[in-house]
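Novice: Before I ask anything, let me first share the structure, which is written out below as structure tokens.
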Amino acid sequence: LLDALLLPAVNPGTKEGKSEVILNEQQKHAADHRGKPYLLEAGPGTGKTQTLVKRVEGLLDEGVDPRRILILTFSNKAAGEMAERLASKNKEAVASMWIGTFHAFGLDLVRRFYS
């Protein structure tokens, strides 16, 4: 599914000196959620990306096949940040996931299945 990714180029550099973020109670609840799909809504700068990264890391730690993980965001910037943060810990898993915007996902579906 790599051909489906419509993301900006990811800077290979890492953010040196950035400490591990500790999730608050609400973020931890969202990151630990299992079962049905979960819609995470919050304002700018509230830790949505970090919360989603922690959730995906938890799923991978539990043995979930990365090919079964779909990560949708509203912006290319958020999708790029998600991919970058996850790739810093597990490049192989990220290569198997579909990470992108709702619009890119819809476009991919149309391209694949419209006849």
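The backbone N, Cα and C atoms fix where each Cβ goes, and this holds for glycine too.
Relevant sequence annotations retrieved from TrEMBL are reproduced here:
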type	residues	note
BINDING	Ala42, Gly43, Pro44, Gly45, Thr46, Gly47, Lys48, Thr49	ATP binding site
DOMAIN	21-115	domain 'UvrD-like helicase ATP-binding'
Novice: Tally every other Cβ atom lying within 10 Å of the Cβ atom of Thr46 (ATP binding site).
Specialist: 14
Novice: Quick one: mean pLDDT on the domain 'UvrD-like helicase ATP-binding' (21-115)?
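Specialist: Summarising the domain 'UvrD-like helicase ATP-binding' (21-115) by its mean pLDDT gives 92.
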Novice: Long-range neighbours only, meaning 6 or more apart in sequence with Cβ under 8 Å: which ones does Gly47 (ATP binding site) have?
Specialist: Val21, Leu23, Asn24, Gln27
Novice: Going by DSSP assignments with H, G and I as helix and E and B as strand, what are the residue counts for the domain 'UvrD-like helicase ATP-binding' (21-115)?
Specialist: 55 helix, 8 strand, 32 coil
Novice: May I ask which residues of the same chain, at least 6 positions away in sequence, place their Cβ under 8 angstroms from the Cβ of Ala42 (ATP binding site)?
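Specialist: Those within reach of Ala42 (ATP binding site), by Cβ under 8 Å and sequence separation of 6 or more, are Lys48.
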